[in-house]
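Per Swiss-Prot, the features are:
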- D82, D84, D86: Mg(2+) binding site (BINDING)
- C83, C99, C106: Zn(2+) binding site (BINDING)
Amino acid sequence: MTTAVLEALFAELRFDADGLVPAIAQQHDTGEVLMLAWMNRESIKETLAGGRVVYWSRSRRALWRKGDTSGQIQHLKELRLDCDGDALLLLVDQVGVACHTGRRNCFYRAVRDGTLAVIADVEVPAEELYGKG
């Protein structure tokens, strides 16, 4: 990725006051929405340079290399920006589960029939992902 392409991308993006933009991760071959996270210029550069998705952790205030702890990494297939430049869509190849709860994706709760229902089972217990428990 050339500096000119990065500069053009950053010129089109509208980062918030903290220098962040929301990024939706979607499984490239099935269309499954996996998660929402945040990216800054540094995480975008690293993701595009290496092909492995890197986010910005708002709680840790540091780069978050998805899967460093759990092994559940995301390989970038394509990065897209929306019409307003205020959100990214990352088409990824998810290795394992995307959610820290051990579910395939982070959208495992739904309002159905007037109740909040869990619609996806845990695939990998959190203690296996993170060695806690």
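Glycine is treated like the rest: Cβ placed from N, Cα and C.
Bear in mind that the values here come from a model prediction, so they are computed numbers and not experimental data.
All features noted in Swiss-Prot, drawn onto the structure.
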{"residue": "D82", "record": "Mg(2+) binding site", "DSSP (3 states)": "coil"}
{"residue": "C99", "record": "Zn(2+) binding site", "DSSP (3 states)": "coil"}
{"residue": "C106", "record": "Zn(2+) binding site", "DSSP (3 states)": "coil"}
Residues within 8 Å of the D82, D84, D86 Cβ centre (excluding the Mg(2+) site residues themselves): R14, L81, C83, G85, A87
Protein Cβ atoms within 10 Å of C99 (Zn(2+) binding site), excluding its own: 21
Cβ neighbour count within 10 Å of C106 (Zn(2+) binding site): 18
Nearest-integer angstrom distance between the alpha carbons (Cα) of C106 (Zn(2+) binding site) and D86 (Mg(2+) binding site): 21
Spatial separation of C99 (Zn(2+) binding site) from D84 (Mg(2+) binding site) - C-alpha basis, Å: 27
